[in-house]
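In what follows, a single structure is set out as structure tokens and then discussed.
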Amino acid sequence: MALQLLTPSFSFQHSPSPHKLTTLRYTHHRIRCTASAPSYSDLVRRRSANYKPSKWDSNFVETLESDYKKENHEMYIEKLMGDVKHLMKEVVNPIEKMELVDTIQRLGLGYLFNKEIKEVLNTITTSKATLKTKKDLHAVALQFRLLRQHGYEVSPDAFHEFKDEKGGFKESLCMDIKGMLCLYEASHLSFQGEVVLDEAREFTSTHLKAIGGNIDPVLLKKVRHSLEMPLHWRMLRLEARWYIETYDEEDRKNPSLAELAKHDFNSVQTIYQRSLKRMSRWWRDLGLGERLEFSRDRLVECFFWTTGVIFDPQFERCRGVLTKVNQLVSTIDDVYDVYGSLEELELFTDAVDRWDIRAMEQLPEYMKICYLALYNTTNDIAYEALKEEGLDVIPYLKKVWTDLCKSYIVEARWYSNGYKPTLEEYLENAWTSIAGPVALVHAYFSFGQKMPFEALNYSNTSSLIKWSSMIFRLCDDLATSSDEVARGDVPKSIQCYMYEAGVSESVARDHIKYLIDEAWKKMNECLVYNTPFLQPLINAGLNLARMAHCMYERGDGHGFSNELDKKRVLLLLAEPFKFM
């Protein structure tokens with residue numbers, strides 16, 4: 001199946017028009033989930049996913065507190081900020097300017113210097129000085145990556161300069177390890193049809209894997225890190241943590257940059273800790289985890305997901321909304337995948353579609369609790385958007401939840417009937433059932449800005465949501481499909497392709513990895529032709545795909561987390577940098 005056959009179908013064109021304030025009634029129907037104990041029917045045969053308890057309990061969250069106090073370092077941080085701004089003006093050489101921008105971004109400081117970075121990139125695109133770098137592989141690749149990453153129109157044709165008369169990349173390039181590494185990273189920002197970048201990735205990955213240990217140890221460390229997963233696919237806040245430590249090992253490091261990066265990381269970490277405590281109290285008060293014992297209680301994991309998608313400290317409200325959404329998705333997913341009978345699930349889907357408090361009367365007790373949690377939480381989120389930005393977003397939030405539940409019920413019917421969908425049929429439903437659209441639409445209305453409704457129907461927005469969710473789905477399937485099918489679930493993309501093409505699991509997995517590569521190319525196209533107000537959503541879409549790689553890199557990091565997942569949570573949320 002060719003991935004390009006799947007065209008974006010995400011649209012709000014048929015959504016009801018936003019209501020006037022005077023017609024809002026949903027805030028008057030808030031009902032607590034603790035009204036009565038659930039009554040589980042013994043007549044329905046229930047499945048079990050055998051999920052283990054979360055590695056993180058409420059005690060971990062409540063005792064989470066950093067010794068770092070930003071207010072004790074305010075004057076020093078201001079000085080460091082000034083030093084970096086001065087440095088960005090002082091550096092004249094175009095290559096050194098690009099390297100400085102790249103370093104600032106990789107240290108996690110890009111959000112502090114957006115204006116200065118934009119000025120540098122604008123200068124690069126208009127300056128003839130960069131023409132002198134066209135024979136420098138490192139410079140050409142770095143310029144391409146930075147410009148494309150920031151949405152500039154840039155052609156990969158410059159890389160043809162590094163080919164020989166036979167059309168292949170020159171073997172002499174293998175001596176330039178720094179340039180090869182930069183070209184490898186740049187190749188991951190390709191669009192469909194950019195063959196030279198496909199060739200560049202194959203050429204550089206082959207030769208970088210073959211290098212010995214006879215090179216600068218810091219450069220070797222970067223090569224191995226990149227081959228493990230390219231920068232463009234990495235969870236950026238964890239990458240910043242890794243790069244801060246690596247930058248400390250460099251002989252030519254800038255002390256002000258190194259110090260500022262550590263202070264910023266610690267400062268943002270304290271914001272995360274405060275937010276997580278607030279989310280923990282929300283989840284405890286909601287009572288859903290205790291009432292529905294069959295479902296995954298994964299508040300910390302959901303918050304970790306959220307910080308990967310929305311990591312900028314100024315979007316604290318958005319992180320709160322997205323954490324709630326992620327935990328509700330996790331719970332409702334377990335209702336559909338694990339516990340509910342098909343008849344019950346049909347009723348629940350209908351109730352969500354109606355979005356009426358009276359719809360819960362038809363539900364079994366355990367579903368009433370789940371429905372109320374969804375109804376109340378979503379309406380609270382909508383009320384906040386109405387209060388802060390004057391936007392009535394309930395029709396849009398209701399639509400993505402309805403679409404999600406309808407995609408869940410399709411899979412439940414497939415499972416009940418023993419139906420095996422084609423890969424294309426599966427993916428047309430599965431990019432919605434992975435809940436990417438739910439997450440991104442809620443994020444869109446929670447950035448603290450008055451976001452225009454019509455932007456959700458832009459073709460670029462539809463593509464962003466579609467391909468980000470597709471990467472999320474395919475990464476999830478690579479990591480979890482065997483366990484999910486074993487416990488009784490619809491065939492996933494791997495199994496669908498095995499049945500359809502008559503191939504082994506190994507071949508099917510390679511095909512899914514190919515589809516992930518192709519989906520990234522479609523995602524990369526969303527970086528160009530965007531408008532400024534869509535930039536937070538574009539970043540969130542990219543980061544959602546990156547978090548999929550992070551969480552499913554070595555198994556199911558959400559349902560069955562391992563020691564690597566635990567280490568990552570601690571690095572991001574619990575362990576500050578120490579100062580001498």
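Backbone N, Cα and C atoms are what each Cβ position is placed from, and that goes for glycine too.
Small disclaimer: the values here were computed from a predicted structure and weren't measured.
Per Swiss-Prot, the features are:
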BINDING   Arg296, Asp333, Asp337, Arg473, Asp476  (2E)-geranyl diphosphate binding site
BINDING   Asp333, Asp337  Mg(2+) 2 binding site
BINDING   Asp333, Asp337  Mg(2+) 1 binding site
MOTIF     333-337  motif 'DDXXD motif'
TRANSIT   1-32  transit peptide
At a 10 Å cut-off from the C-beta of Asp476 ((2E)-geranyl diphosphate binding site), count the other C-beta atoms across all protein chains.
20
Determine which residues of the chain contact the motif 'DDXXD motif' (333-337) at the Cβ level, with the cut-off under 8 Å and only residues 6 or more beyond its ends counted.
49, 292, 294-296, 345, 348, 367, 370, 405, 408-409, 411-412, 435, 484, 489
Taking every protein chain in this structure into account, which of the binding-site residues Asp333, Asp337 has the most other Cβ atoms within 10 Å of its Cβ?
Asp337
Residue among the binding-site residues Arg296, Arg473 whose Cβ has the most other Cβ atoms within 10 Å:
Arg473
DSSP on the motif 'DDXXD motif' (333-337): how many residues come out helix, how many strand, how many coil?
5 helix, 0 strand, 0 coil
